[in-house]
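Asks: Right, I'll just put the structure down here and ask away after.
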Amino acid sequence: MKQKLDFESQKKKVSKSSQELSEHFTSDFTLNLELVRKKIGHNSDVNFREFHIGGTGVCAAVIFVDGLSDKELIDKHIMKSLMESFSEKGVISNEFIKNQILSISELTEVHDLNNLVSKVLTGSTALLVDGVPNVIILGTTKGKSRNIEEPVSEVLVRGPRLGFTETLSDNTALLRQHGDNRDLSIINFQVGLRTKKELVIAYIKDIADPDLVEEVKDRIKKINIDDVPESGYVEQLIEDNYLSPFTQVQSTERPDRVFSALMEGRVAILLDGTPFALIVPVTFSMLLHSPEDYYERWLPTSLLRLLRYFAAFISLFGPSFYISFVSFHQGLIPTKLALSIMGTREGVPFPAIIEALIMEVAIEIFREAGLRSPKPIGPTIGIVGGLVIGEAAVQAGIVSPFMVIVMALTAISSFAIPQYSAGITLRMLRFVAMFFAAMYGLYGVVLFFLFVCSHLVKLKSFGVPYISPIVPFRVSDWKKFMVRIPLMMKKRRPR
Amino acid sequence: MINSSKDRITSSQAVVILVNYILAAGILTLPRLSVEKVKTPDVWISVFLGGLIAMIGGVIIVKLSQQFPGKTFYQYCQEIVGKWVGGFLSLVIVCYFFTISAYEVRTMAEVTGFFLLEGTPTWGIILPFLWVGFYLIIGGINPIARMFEIIFPITIIIFLLVTFMSLGIFEIDNLRPVLGLGILPMLKGIKTATLAFLGPEIMLLLVAFLKQPDKAVKVVLIGISIPLIFYVLTVVMVIGALSVDGVVTRTWPTLDLMRSFEITGLIFERFESLLLVIWIMQIFSTFTITYYAAALGLAQLFKKNIKPFIYGLIPIIYIIAMFPKNINDLFKLGGTIGNVAIFLFGVLPLILLSISRLKGEKHETKSS
């Protein structure tokens, strides 16, 4: 919000200054250099190196950013070749330098200061030559990046160990590397008004719906923000319904996941500076599927998938069932079980909802604490939180042991959901479900179910109904949703 | 407004809507109501015939609607019988729809209050239900159809599960003799049975939304066959387990059937809660579709946006739902609705169909 306001107030300034800056270069070398110096010369990390072109005495200068550009490349292939004496003392023309001297593959020419600055600041090297109005931009970018590692947030037992990195070109390369696919389109955008950032959308040309691609492009063009630090910003700015608790854009670190989504006709959005790629449109089932489902044989993965749905169900409704059975419908559970639950609740002074709230809030706190704390402390929190407090709470008579079981079960179930964001959604909704259950018992749970479904059937992700594999009712897609059918039976693409 | 391509539904969605609309209060009360009339175990034949009659009525309604492609009853009714009569008929049907929707809500509240939430005031049960329904239908016909598609498989699975579990106390002797007292008592039950199949009237509107309107007859036939199976199965199981005499004395015989057996060793020992869950969902679907039909009717009658009518109908439905003082009043209301429905959807479509055919012929002879 604040950023938006800032942006509003500075909009005018930006447009004014950009007018001033769109100055074209002339053939006057010193003037050109002065122009650049005035704009970015005050930065300590911008290097200006003036020299004479080999044997001719023609002035030239290279401008690059320390650390962003590959110095070795500049030394060997730009400076060295330019400063060597040329055998034929011909005219130092633009073409001559371009075609015969510089041995660098990525080369463009710019005419105005604005373009030069943006190129230099992203790691390219600018070459100014006296008497030439064009500035040559040489691709010498060597950004700081880490090695390609296994993604931390999505762990597979079987599957590629590759994960995206913070470098966009690495990420697009990972997609290309997947195999020769001529229809894979990667289209470039820039987002951010003050800090320009590269963003690409990727799709398979003849599988993805052209309307969908257009829609994605439109929404990305509409992004109106100063800086985009992470793809989460893009996600929030392009999603359909910002009030919905459900994520409408999937984020992933895994290239194989992105690629399989592309093959289903979805569109991927990759942003420079983050390993998290976005996939749109999202359908509900995607949140509960894992790419591994297709790497293992169909029978175990089908069962695991069903298990995951069951886990999601428990994670959402576990405590609310406990509340409604304990405080409303003791008659519906077997008598012996009801008696033993009642027995353990003997000393508990609170109604079931308070009891459940205490434990569920506590586990959320443990989880959050474990997540944010330094790695070595994490297990300690688990032991202190889960074991000590849980045990002590029961002995102190604050909660019943049965409640602790329910709480533990729901917590573990929510970890079984492969998507972190989907897990969060279910965790939030669980509390709503608990209040419904506390008000109306089983009827409340049914109401809540109807309410969530009513929301889901209305929700759309980029024009695609959120729950589309479930409904509209297509038997073939349904099979895929519930179980993972054997690969040789998968011949048709999902529509 | 409603005829945009986005608001189309497929034939299978229409079937699901129809099934969900028909299956409602009937599952719980049909065995008692029909046995009261028939007094022999031949009720299932009556139910079967009732379903056939409903199919005929449904086909007539579809034929009528197919005369005016892309238009709902509210729109074409005025073309057939003129502006004023047509407007009046539409209003009556709108009233019918929101009354039945209120009736369903109240029935739900009564059953829920009795079996699940003793002591909770009726308004407390009704209000959240109304709001959830309101939230759904504000999205239009497509979300409604999709919602029903979620409810439908859950209903089928749980219903079949629960029904087959009660096989343990099923006694075939309770269903004998077949036609022991002749055909006459069986015929008495047909009217009651037919009323359980109230629902094909939604085709007055749905045909306009169909992607393939020419398949509407098929939709009706399938859409009524599925509830037919449900109802016959229910009646057979209930009478088979509780016997004719047992059914008459119980207000909600189907639920009593579920309560009368226990399967030990499972997490649940009793299954009426499961049946109630799907039944609440079924009531929800009947409630929403009739609510939407009423709001749509008003919107098309006054040629305005549908939203204000959706808002405006909530208090009306609430007041009507709270109107019956007790459960007997409620059943009387149900009876009245049934009688009105027989005229509105049994007789009226036939008249309108013949008028429009006659007009059409005249028109043709003139033009030729």
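From the backbone N, Cα and C atoms, a Cβ is placed for every residue, glycine too.
Copying in the features that TrEMBL gives for the protein in this structure:
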- B:12-31: transmembrane segment (TRANSMEM)
- B:43-64: transmembrane segment (TRANSMEM)
- B:84-103: transmembrane segment (TRANSMEM)
- B:123-141: transmembrane segment (TRANSMEM)
- B:150-170: transmembrane segment (TRANSMEM)
- B:190-210: transmembrane segment (TRANSMEM)
- B:219-242: transmembrane segment (TRANSMEM)
- B:276-302: transmembrane segment (TRANSMEM)
- B:309-327: transmembrane segment (TRANSMEM)
- B:333-353: transmembrane segment (TRANSMEM)
Asks: Are there at least 3 C-beta pairs under 8 angstroms linking the transmembrane segment (B:219-242) and the transmembrane segment (B:84-103), leaving out pairs fewer than 6 apart in sequence?
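Replies: No, since the transmembrane segment (B:84-103) and the transmembrane segment (B:219-242) share fewer than 3 Cβ pairs closer than 8 Å, they do not count as touching.
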Asks: Can the transmembrane segment (B:333-353) be said to touch the transmembrane segment (B:219-242) if we require at least 3 CB pairs below 8 Å and skip pairs under 6 apart in sequence?
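Replies: No, since the transmembrane segment (B:333-353) and the transmembrane segment (B:219-242) share fewer than 3 Cβ pairs closer than 8 Å, they do not count as touching.
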Asks: Between the stretches B:43-64, B:123-141, B:219-242, which wins on the count of C-beta pairs under 8 angstroms to the transmembrane segment (B:190-210)?
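Replies: Looking only at B:43-64, B:123-141, B:219-242, the most contacts with the transmembrane segment (B:190-210) come from B:43-64.
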Asks: When only pairs 6 or more apart in sequence are counted, do the transmembrane segment (B:219-242) and the transmembrane segment (B:12-31) reach 3 or more Cβ pairs under 8 Å?
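Replies: Since 3 or more Cβ pairs under 8 Å link them, the transmembrane segment (B:219-242) and the transmembrane segment (B:12-31) do come into contact.
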Asks: Have the transmembrane segment (B:123-141) and the transmembrane segment (B:12-31) got at least three CB pairs under 8 Å, pairs 6 or more apart in sequence?
Replies: no
Asks: Applying the under-8 angstroms CB criterion, which one of B:12-31, B:276-302, B:309-327 scores highest with the transmembrane segment (B:150-170)?
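Replies: If we count Cβ pairs closer than 8 Å to the transmembrane segment (B:150-170), B:276-302 scores highest.
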Asks: Residues sitting near the transmembrane segment (B:12-31): Cβ under 8 Å, six or more positions beyond its termini, same chain?
Replies: 43, 47, 54, 103-104, 107, 111, 144-146, 148-149, 151-152, 155, 192-193, 196-200, 202-203, 206, 209-210, 216, 219-220, 222-224, 226-227, 230-231, 234-235, 238-239, 247, 252-255, 279, 282-283, 285-286, 289-290, 331, 334
